[in-house]
Amino acid sequence: MGGGHSALSGRSLDTFEKIRLRPNGKKKYQIKHLIWAGKEMERFGLHEKLLETKEGCQKIIEVLTPLEPTGSEGLKALFNLCCVIWCIHAEQKVKDTEEAVVTVKQHYHLVDKNEKAAKKKNETTAPPGGESRNYPVVNQNNAWVHQPLSPRTLNAWVKCVEEKRWGAEVVPMFQALSEGCLSYDVNQMLNVIGDHQGALQILKEVINEEAAEWDRTHRPPAGPLPAGQLRDPTGSDIAGTTSSIQEQIEWTFNANPRIDVGAQYRKWVILGLQKVVQMYNPQKVLDIRQGPKEPFQDYVDRFYKALRAEQAPQDVKNWMTQTLLIQNANPDCKLILKGLGMNPTLEEMLIACQGVGGPQHKAKLMVEMMSNGQNMVQVGPQKKGPRGPLKCFNCGKFGHMQRECKAPRQIKCFKCGKIGHMAKDCKNGQANFFRVWPLGRSETKKFCAIQRRHSWSGTNSPPNGNSLRSSKEAPPAVCREGTAPERGERTDKETEGERSGGCFLELPLWRRPMKRVIIEGTPVQALLDTGADDTIIQEKDLHFPPHKPWRSKVVGGIGGGIHVKEYQGVQVQLEDKIITGSILIGSTPINIIGRNILAQAGMKLVMGVLSSQIEETKVQLKEGKDGPKLKQWPLSREKIEALTEICKQMEEEGKLSRIGGENPYNTPVFAIKKKDKTQWRMLVDFRELNKATQDFFEVQLGIPHPAGLQKKKQITVIDIGDAYYSIPLCKEFRKYTAFTIPSVNNTGPGIRYQFNCLPQGWKGSPTIFQNTAANILEEIKRHTPGLEIVQYMDDLWLASDHDETRHNQQVDIVRKMLLEKGLETPDKKVQREPPWEWMGYKLHPNKWTINKIELPPLEGEWTVNKIQKVVGVLNWASQIYPGIKTKHTCAMLRGKKNLLEEIVWTEEAEAEYKNNQGIVQETQEGTYYDPLKELIATVQKQGEGQWTYQFTQEGAVLKVGRYAKQRETHTNDLRTLAHLVQKICKEALTIWGRLPRVQLPVDKKTWDMWWQDYWQVSWIPEWEFVSTPLLVKLWYSLVKEPIKGEDVYYVDGAASKVTKLGKAGYLSERGKSRIRELENTTNQQAELTAVKMALEDSGENVNIVTDSQYVMNILTACPQESNSPLVEQIIQALMKKRQVYLQWVPAHKGIGGNTEIDKLVSKGIRQILFLDRIEEAQDDHAKYHNNWRSMVQEFGLPNIVAKEIVAACPKCQIRGEPKHGQVDASIETWQMDCTHLEGKVIIVAVHVASGFIEAEVIPRETGKETAHFLLKLLARWPVKHLHTDNGPNFTSQNVAAVCWWGNIEHTTGIPYNPQSQGSVESMNRQLKEIISQIRDDCERLETAVQMATHIHNFKRKGGIGGISSAERLVNMLTTQLELNTLQNQIQKILNFKVYYREGRDPVWKGPARLIWKGEGAVVIKEGEDIKVVPRRKAKIIKDYGERKTMDSEGSMEGVREANKQMEGDSDLQDQE
């Protein structure tokens, strides 16, 4: 057996091979383990011959013992193997590895040493915070002494780096070997691997970055240090470059506070090592794919090697193992693995796929199978043990079987268990439903409240693993209010309200709720009976001392009255609660715990069910949509347990229903912790379902504002608990809400549920709840006259002018009627006393406020996210705090996309922020609305384009607001004021339903001058003038009539889009002109420059004529400020004029001055286009609805004209112009899909590279029709690869047969896979849009489909090359044919060899490969060199394979036939 090469031989080796690797395991030790151990010895500087003796094994164990607790898996395996070999040498009989390790540790007292070392903390040699004993720093005589690393440790580190070649194993090896090391020791480990300079350079860069970050965050104190005080370590000190060993020891053990510099430095090095490992292992696990003939075992080895190098959490790696390992397998293995079911083990996958591989692998496998078969024949089948005696299932006797029984056949009911009838004839109902359970076998499991209180909205963490199984027969009694105090915490002063909150128990009702209680120290099994008033115990189960006082009592029951003894003040322990109460002792058939004990324990009978009085709202999916079918992503153990408990309770309350695999839909579910970090919240990712669900209209368009509430004497705020879960969901829609809770480690199938109520996160829940609650409240309002109810979602504001008693009565009526409808209002969410928290506001009897605003100080780091939050707080505060500005603060965020990007405050923003800090420090209050008083809105200008306004009644502020929106680039204050007043009026109509009287800071004359011409820009109500310091005024105005006697300036400008060059100028009626050349400009900028030139060169009064609507729109609005510097200069020039008349004329209409100036500025810049074919293009578009690119090419129209024709067509403006693109795909790849329209099936095939489509209407979506369409496609176009979804028609045998016959590779798409059928899905949408545009022109859908296909293929141009899909496809096929032909010609050239001479060297060299042949020279390639040789020095011959040696020039000249053949080929090559 090869024992000569191992540490054991003979009988010792036989004993070794009988020892099991694990307790009760099947695998045993083999000789290969000994060979492996011998090789591993070198890593630790030990000789393999030490394994041959007991003393040698003892030395190995002494070396490995300190490293074993923190070592890698390989090190632990070596330690275990040495223990087994030691036991064999010592003739200690052991059965498995675990027993051998225990034997060795007991023999050498290793366990006692560790235990004693743990007890003696003062004598420990390990620094604080560690567990390993392998430390270079030891405590000797209460002083810390450094011991250098041993050569064995350094040798092991070097061998690891050399053997693993910076694999993923290097990082854990470094962690194990450097445990407890100082920075000096870590640098020593890095120095011994000095040959790897590239890796060390990366490590150095990471260490330098971390050291710099340390210095930035740990700045040394200012000034000199006191005498004897230890300085704080810097980044270079931690790295060991500027610190000594003694300083490192002092910082680690004696400093106050202590700084473990060694551990900190190890973290930096580990970060660098991870970066090095990632660089040396560039192949990602996502790129690992199994080859077509690669054995599955080799693929798994490569996959796990790449997985170890991934720097990802373990849960992510688990997910990669579960999904990517199967997803990236080849088709043969993938087909086998899918047949294994959900989440197979790796061992099952390896066994199932062991036959997949190339011929060599299959031959090797066949040899192994044949050898195993021969061994089985030699060994023979194993015999089974003796069979037991036969037993009859009819009479129960031994010796014969049921079919041989002579006794009459007994019929047994499987429902009640009785003999004589069958289950279908049973009249007894459920079997043993009221049977008294034996006391010893019905103990209910303990379930604590702190672990039990899970709900959809929150659950405690962690959940209890000993949960009780649920029942399908009846929902259990659930107690979920409050929390249970610990044993002995209850006091006599506990109030009834406090006692009612302690719930800790859940019992299923599929059997009697029996519970073990302790009465005066005696355990008693009793029935928890919520229908019994008293607690009655049988005399045989409970005995009290004779001297304990009692009194006689008669209690009534179903069978009549019974005499009992009543003992008072008896102590009863139920779960973790101790209750004192009365106990009755008598002849009761069963022990009963009544309500007198259960009520003190805080138990309730909760039946959470959906209300049957609320009608379901019918909901459906969008047309053509289907429900979500998404895979559940991996979850951690604690999340799975939390979700299990949440769903179990919701199922018991009727909010969820358990379903199976028959429901094909699924949505991912996950859990997050609430803010208090003690409870869990379940979240379902309904994004895909929301896309497919019909659209809803939000019936409540906004949040009610407290300024719109009227002042009332009595106010109560209540909240509807579990609002959504009380409203039933449409039964037909429930199947789409299905989700799955996976099992840990995939130990079983997931638990699937679907919602019976409105789920959170679904887009229909808010609308349905709002509408349902509104209908319920309408009925409630009729029963509560004088009570005003304001509702937003589940928050209710109840107010009245009644006295307190009557108001509370009406509130109780509201709560009672809501409860009748299934809407519960918990007591803890009822607010009866001020201040009332409502919708983020604080309501008081006479005022309302918001919570105190605390703005963070300016010092410190500011990111985009932090500033966004501050701006949100300021916007919220601006409804009550006047004067808040955020313009400059928001300006800092422009162009910033990364939320964590740091922001540097500008001076303006900093001043603005400090001003806001001063504003929010003062408390502001708002009043309530009085409908009898006048509503006034006052506006103030704050400067810098920011405005503020207040709504008041008789001087009391209702609310405030601000306005800083600039809608146009060029604007003036009057236009902004008009928009602001419009906003104020909309806000007043929304909150109070009436218009206010608006007070504006503008002069009446100024406003009228502007308003008479521009009244159409907006509508505003009546307003009045208010004298404030910042009055709005017009800085200039334009006259309406031409100024007589003044010169007229015709202005124009032109620019080229290509060169960005332009001209601007003017020409006056009196012959004055000026032309100016411009660079890097546009048409609009040139037009504005011309106006500016005319204003500069004219007098105080001027007439200006332009043909630019852009210029007219800007200047006629009289802007006073602009973001454009050029417009700002024009405004300044206008202010200097006394009168300006501005007129517009159409261009190119032969108008005198306009035509002349247009020719002057257009010369050399642009061409005047004469658009004669516009009408022809319009007619063609009305017929085919082609896109603008097609009209540009066919009719020679400018882009802007062609786009205008498309924009004017109402049928082309549904979703705008689609943008065409091209995906990366081969030329013979097609995608196919079926879509539905008007109740018919349209099958569509798209050529991925060109976008060309084939489509037709088919009778049925079957495999036969799909295969027939595929044959048509194959007859017309080359198809080598077909990609579809995994629908039944595409995966049918008919399609598979056509693919086999046509040699077509067929693949199917997977959700979230890059190879999904995205192209054909996009074409489906485009085809439907074209059909909708031409549907009125066709009688039948079949005709419309063919017409739409023609339009798409031939009339829509764009994408690659700017041509149509049909042109692109033909072009690609032609190009492919040309390339194939050219490749054949190139191949002919490559079949020739060239012998050549260089310079004056007479020796012929070669042969070289011919690349190109011209008239005067040839291009050849010899080895890696490419050379150009004159024709006179080159001889070309045809390569016929092996030939005789040619040693003369004549032999080469003799092959003139080949040269002639090359002449023709070279001509073709020259043309190319």
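The first residue you see is number 1, and the count goes up from there.
From the backbone N, Cα and C atoms, a Cβ is placed for every residue, glycine too.
Fair warning: this is a prediction, and the values are worked out from it, not measured in the lab.
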- Report the candidate from Asp1107, Asp1179 that shares the Mg(2+) 2 site with Asp1052, Glu1087, Asp1158, as recorded in Swiss-Prot. Asp1107
- Message: Can you find which of Asp719, Asp722, Asp812, Asp827 Swiss-Prot lists as binding Mg(2+) 1 at the same site as Asp794, Asp795?
- Response: Asp719
- Annotated motif 'Tryptophan repeat motif' segment (source Swiss-Prot; candidates 1007-1023, 1024-1040, 1126-1142): 1007-1023
- In the domain 'RNase H type-1' (1043-1166), how many residues does DSSP assign to helix, to strand and to coil? 44 helix, 35 strand, 45 coil
- Note on the structure: Reduced to three DSSP states, the domain 'Peptidase A2' (524-597) has 3 helix, 42 strand, 29 coil
- Please report how many Å separate the Cα atom of Asp1107 (Mg(2+) 2 binding site) from that of Gly223 (site 'Cis/trans isomerization of proline peptide bond'), as a whole number. 74
- From the Cα of Gly223 (site 'Cis/trans isomerization of proline peptide bond') across to the Cα of Asp1052 (Mg(2+) 2 binding site), what is the distance in angstrom? 71
- Message: Give me the CA-CA distance between Gly223 (site 'Cis/trans isomerization of proline peptide bond') and Glu1087 (Mg(2+) 2 binding site), in Å, as a whole number.
- Response: 66
- Across the domain 'RNase H type-1' (1043-1166), what does the pLDDT come to on average, as a whole number? 82
- For Asp1158 (Mg(2+) 2 binding site), just count the other CB atoms lying within 10 A of its CB, please. 21
- Secondary structure at Pro224 (site 'Cis/trans isomerization of proline peptide bond') (DSSP, helix/strand/coil)? coil
- Query: Could you give the Cα-Cα distance between Pro224 (site 'Cis/trans isomerization of proline peptide bond') and Glu1087 (Mg(2+) 2 binding site), in whole Å?
  - Reply: 70
